[in-house]
Amino acid sequence: MPVLWLADVDKNDIPLVGGKGANLGELLRAEIPVPDGFVVDARTFREFIQKTGIAEKIYSLLRELDVEDTEKLDAVSREIREIIEKTEMPEDIEREIREAYRKLCEEEGKEVYVAVRSSATAEDLPDASFAGQQETYLNVVGEDEVVEKVKKCWGSLFTPRAIYYRVQKGFRHEDVSIAVVVQKMVNSEKSGVMFTSHPVSGEKKCIIEAVFGLGEAIVSGLVTPDTYVYDRVKRKIEEVKIGEKKFMLTRKDGKTVKVELPPEKANERVLSDEEIEKLVTLGELIEDHYGKPQDVEWAIEGGKIYIVQSRPITTIRKEKKEAEEEVSEEAEGKILLKGLGASPGIASGKVKVIFSEKEISKVEEGDILVTTMTTPDMVPAMKRAAAIVTDEGGMTCHAAIVSRELGVPAVVGTKVATKVLKDGMVVTVDGEKGIVYEGRIEKKEEPKPVVASAPIITATEVKVNISIPDVAERVARETNADGVGLFRIEHMVLGLEKHPMKFIRDGEIDRYIDLLYQEMKKVVKAFYPKPVWIRTIDAPTDEFRAMEGGEDEPIEANPMLGFRGIRRDLAEEEHFRAEMRAIKKLVDEGYTNVGVMLPLITSPEEVKRAKEIAISEGLPLDKIEFGVMVETPAAALILEDIIKEGIDFVSLGTNDLTQYTLAVDRNNENVAYLYNETHPAVLKLIERTIKVCKEHGVKSSICGQAGSYPHVVEKLVEFGIDSVSANPDAVQRIREVVARAEKRIILEKLRKI
């Protein structure tokens, strides 16, 4: 059934209804005032592209795409969206959407205005802030228009910015689907956004931004909103900052129109103290329901507050970074501009002023991007920029959200940045204080408080997962991880100009080895002398097929169960030997902190043969660590036999272990809801693996996504795991979880004495 009502869904339905849909359902169940609506679920989009035969055409266009080529990215995006919008919707799907809209209208006895919003299955999730990549259509009325906008939302899964973000975040296009939320519109007199805790520091301070009319003016950065800061500890309004709201967006004749506001209205306070307190109360209820700080969208109509969206805040820093830079007081230069410090950090560089996405090619690596307000299409330039400064916007505008996610300093709402700052000027941007200084300013290091910033020491090592060698130095510095528990080299291999075997067939094996060595060295050097476990290539055939020379890759019904991991390594022995030679070059240079990790092991014979090849290539296994991943029930159940072949460590790959144990394809939205790393069967295999490792003196670790989940990590520590490897943004949080779990275990033992 393609349509699900919001009242019938909850957080467990994310694979079906996406982040937005699931969150709205959760709010309704918590009795939060949310406008009624329904979701066209993600299975329907899949059914649409499969039934109409357009799926292969879409994904083939994406496989060959270089997302850094802006012009080609735009062209491919346009072509895909045109294919979707011009393809006729299957009759049964269209009929159900029309019937659901009619039912929504029955309560009021007339056609109602609705908002039609995309709800991507990777959007609004706790570990990825996708900053509004997909589209929202407001003031939609009538069955025909609803059907049309649903198709446009499907197409918005392939906007340039959405495609670009997925590649940057490591999401495969085929793995991300899209649901569409159709929800009654609130004809808001006032609206805005509320962070239930500070979006950067995490302090118990509620930040509310408000405008007259529709809230789209805030997120788009079209106006500078009022900002209210409410101290949740002292229970009082701490700060009121009135923004200059030159116009408002409102509904007129079924369209969103821009209405100029007279100066007295533009500078009028939007919210009363009473309204602020009511919003804070609702925000606290929502935060308590989810158990974590929330980014909440709200609207007021006829004096009643409605919550139209809530998502987790993904940008809170767990602690101030060690040696975080600040502008030296002695060296503070002339202040050119002041605004809101929207994303912390200090950066100096040359100014590049742009006024539209057509000019983003002007912005080079290390420039200071200055604009009226960023748009999602400017993200490639934002990624290159050292810092971002805007005329307009508040703490929840596009520039602020994306800058925090990218880790780029930003100052927003300066009002006159594009007039004061000129191309070529050298400035320093302080994203903490919200100040832009003239010239390149000397920086000072923040003294490290002896107690407040004391490092957390744990017996269980906390390592980090790395996919992109270019970020290794920064990740090593910022996380202070105990090493790399998973270095996925297939990501860098898939980024080469041709298939690994084509290098070999073309007689360029030495060049291929050198390319591997150079990229591996970036990671091994950044973390030296801490261990770096390099996983040999584990990409499925469908990813290799898109490369030049990959035409001979087998076409498999389910590549995740096919020719990958150790199977490919041993079948394409020349390629595996090349990997071993690249690692040997590192060892010969003195980088004995490397470890070799074999993926998808199912038998001792695979380990034995891999070791024979490594030794024959001169790899000194007495100097480095050699281990395996436990990703299959087979490996977990015969681990004793695998250990006999001589290994130093075992790492649990819980992503695959979970789906192989439960017979669930985690990328299939029809069954993804069954995917559960804490299923008793999965936990028994994990516990068994750790126990067997302890009995045989072999190190145990985890590098799957579950290693970034606090509730799973607590169990791993209880089981006695030696190390946990988490995603970079989760390392500090996991370190805290590990420390708490270890303390609890010690206390429990003491109580028994």
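Quick reminder: no glycine exception, Cβ is built from N, Cα and C everywhere.
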Further binder of substrate named by Swiss-Prot next to R535, E631, G653, T654, N655, D656, taken from the candidates R477, R488, R577, R581: R488
Binding-site residues compared (E631, D656) - highest count of Cβ atoms within 10 Å: E631
Least buried by Cβ count (within 10 Å) of the recorded positions H398, R488: R488
Of N655, C703 (the recorded positions), the residue whose Cβ has the fewest other Cβ atoms within 10 Å: N655
Beyond the site residues R488, R535, E631, G653, T654, N655, D656: chain residues whose C-beta lies within 8 Å of the centroid, for substrate: L486, D538, P599, M629, S651, L652, L657, C703, G704
For G653 (substrate binding site): DSSP state (helix, strand, coil): coil
Cβ neighbour count within 10 Å of T654 (substrate binding site): 25
Chain-internal residues, separated by at least six, CB under 8 A from R535 (substrate binding site): L486, F487, R488, I489, M597, L598, P599, M629
In three-state DSSP terms, the structure that R535 (substrate binding site) belongs to: strand
Residues that sit under 8 angstroms from G653 (substrate binding site) by C-beta distance, when 6+ apart in the chain: P599, M629, V630, E631, C703, G704
DSSP three-state assignment (helix, strand or coil) for C703 (active site, proton donor): coil
